[in-house]
Every structure is written in C-alpha cells, then in structure tokens.
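Some features that Swiss-Prot has for this protein:
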- 1-16: topological domain 'Extracellular' (TOPO_DOM)
- 17-37: transmembrane segment (TRANSMEM)
- 38-45: topological domain 'Cytoplasmic' (TOPO_DOM)
- 46-66: transmembrane segment (TRANSMEM)
- 67-90: topological domain 'Extracellular' (TOPO_DOM)
- Asn82: N-linked glycosylation site (CARBOHYD)
- Cys88-Cys180: disulfide bond (DISULFID)
- 91-111: transmembrane segment (TRANSMEM)
- 112-130: topological domain 'Cytoplasmic' (TOPO_DOM)
- 131-151: transmembrane segment (TRANSMEM)
- 152-188: topological domain 'Extracellular' (TOPO_DOM)
- 189-208: transmembrane segment (TRANSMEM)
- 209-228: topological domain 'Cytoplasmic' (TOPO_DOM)
- 229-249: transmembrane segment (TRANSMEM)
- 250-262: topological domain 'Extracellular' (TOPO_DOM)
- 263-283: transmembrane segment (TRANSMEM)
- 284-301: topological domain 'Cytoplasmic' (TOPO_DOM)
Amino acid sequence: MEFVLLGFSDIPNLHWMLFSIFLLMYLMILMCNGIIILLIKIHPALQTPMYFFLSNFSLLEICYVTIIIPRMLMDIWTQKGNISLFACATQMCFFLMLGGTECLLLTVMAYDRYVAICKPLQYPLVMNHKVCIQLIIASWTITIPVVIGETCQIFLLPFCGTNTINHFFCDIPPILKLACGNIFVNEITVHVVAVVFITVPFLLIVVSYGKIISNILKLSSARGKAKAFSTCSSHLIVVILFFGAGTITYLQPKPHQFQRMGKLISLFYTILIPTLNPIIYTLRNKDIMVALRKLLAKLLT
C-alpha cells in the first residue's frame, strides 16, 4: 500500500516559487545551525552547559527539518507525492521523535537557566558535564519508546477509501483522517502523548521562568538585570513559538480534522520556526555574536 501526499498541488502556479523559498530556508537552517555548533565547539568562552544544550538543540533542528524538507522539495520538483506505507511511518516516527526530544530539551534548557540565575553558587556542581550528558540522554530515551509505540498503533489501523493525504508530510492528524472504523482510542492516545510532551514541559518551563523573573527583579544592578533578561528572552521566544504551534496541532478537540489551516500551521513549526531559531539565538546573544565576529575576523585576515 502507498499514500499520495497532495502537498501544494492545489496551487500549481506557485510550485517553483515555493520550491525556491523552501530550498533557501532549508539551506539557511543548515548553515546557521552549523555555524552555531561550530562556534560553540571552537570558542572557549562558549564551553558552558547553556551552550552545550544549545549546540545539541541546533543539531536536533538540522535533523528535524531534514526529515521533512528534502522529501517535500522532491515532491514539488517531480510534482508527485507517492510514498509507501513504511516510508510514511518512518517519516512520522522520526519527526515525532525529534520533535518530542526538542520539547524535553527546551525544558532542560529552562532548568539550566533557572539554576544559573536562581542558584548561581550551586550551578557548577548541579550542572556539571556528566549531568548535562545524562539530561540529553534522558530526553532521547523518554521519547523513543513512546513515539515508536504511538506510530505502530496508528499504522496498524485499517486504511480504506482514498489514499491521498492532504498534507506535505506524514503527520498524525491527516493520517488518522484516512483510517477506517473507530479511532477514539487513537485520539485519546494522541492527546495523552501531547500532554506529556507539550503541556507538561511547557508548564515546567513557565514555572522555571516565573522563578527566574522573580529572582531577576530582586537584582540591584540594572546591568545584571539586562544581562539576565537577554540570556533568557531568546529561549522564551523559541518556547512560545514552538509549543504554541504544537498545541494548536495536537491538542485540538478533533486532531484528525486537519485541513488547509493545519497545513499552514505545520509550515510554521516545520520550516518557519527552525529558520527563525538560529537568528533569535544569535542576534539576542552577545557571547555568540562576539564569537562570530572573532571567527569572521580570523577568516578575513
């Protein structure tokens, strides 16, 4: 059995423009995240837990978009969207796995900022390199079995009628729409998993930032306040964008009722947000900008 991804076939006149835009954005994501990883690797001032997590986040972003965009570009180029059941399941599994890991990693990054700002004296002990690695491993090991189980549950459903997916990649809502019979249990599972990987992490991040903001307001130094807010604001912007889009997609009452608006929202969190993330982190982060200037100065001399 195979599916057909409709993608953007409803706007054929814009195919080549969309191909050019998405290709440019994909290259920007690869380049910007690659630069962030390189800067953190080679610059001594960036050898801290915060930037260790940021480099892992950048690597996740590269993998996250690579699951979606190259396949989408190929479908636009060939104007065909045929995809086998196995390829569809694999794409969805890896997409959810990487997305879920990003949610947990963003929570870890918020915890890192909480310890750094609210408990600065304990920070070197609490967030040592071993703990950082354990937190990264935990983010992956929690996500992998849950996502594999959910993917198997969805693709064991019987599919009948049309095999066309009104989307540009294999995601849960449009796949559930093709399933036959009662999908109530699957919908409940989707909501439970979404609560675990979206709602709970978001609430933990909100609590962390509530304590961070409360602590920042107690600082007597205006410079200290500005530096603390600058450090945290970029992370908070990314959190709001990413979790907001995820909530709209996976926590709506009927996630399988996924039409044009769902496709636009998916573009937002699969392409637009990953394009903006490196820009947000670099432009609002003085340490990254200083490291970038030093790297450019070395390359130009």
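Any Cβ shown, glycine's included, is placed from N, Cα and C.
Features recorded in Swiss-Prot, as mapped to the structure shown.
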residue: Asn82; record: N-linked glycosylation site; DSSP (3 states): strand
residue: Cys88; record: disulfide bond; DSSP (3 states): helix
residue: Cys180; record: disulfide bond; DSSP (3 states): coil
Taking the transmembrane segment (189-208) as the first stretch and the transmembrane segment (91-111) as the second, find out whether 3 or more Cβ pairs fall under 8 Å, excluding pairs closer than 6 in sequence. yes
Beyond the flanks of the topological domain 'Extracellular' (67-90) by at least 6 residues, Cβ under 8 Å: 1-9, 12, 15, 18-19, 22-23, 25-26, 98, 151, 155, 165, 168-170, 175, 270-271
Using a Cβ-Cβ cut-off of under 8 Å, list the residues of the same chain that are 6+ residues beyond the ends of the topological domain 'Cytoplasmic' (284-301) and lie near it. 35-36, 38-39, 42-43, 45-46, 51, 230-231, 233-234, 237
Do any residues of this chain, six or more beyond the ends of the topological domain 'Extracellular' (1-16), have a C-beta under 8 angstroms from a C-beta of it, and if so which? 72, 75-76, 79, 81-85, 88, 159, 163-170, 178
Which one of these disulfide-bonded residues has the most other Cβ atoms within 10 Å of its own Cβ: Cys88, Cys180? Cys88
Cβ neighbours within the same chain of the residue listed as 'N-linked glycosylation site' - under 8 Å, at least six residues apart: Glu2, Phe3, Val4, Leu5
Close approaches to the topological domain 'Cytoplasmic' (112-130) from elsewhere in its chain (Cβ under 8 angstroms; 6 or more beyond its ends): 49-50, 52-53, 208-209, 211-212, 215-216, 228, 231-232, 235
In the same chain, which residue numbers or ranges, 6 or more beyond the ends of the topological domain 'Extracellular' (152-188), come under 8 angstroms Cβ to Cβ? 1-8, 67-68, 71-72, 75, 81, 83, 85, 88-89, 91-92, 95-96, 249-250, 254-259, 262-263, 266-267, 270
Across the topological domain 'Extracellular' (1-16), what are the DSSP residue counts per state (helix, strand, coil)? 5 helix, 4 strand, 7 coil
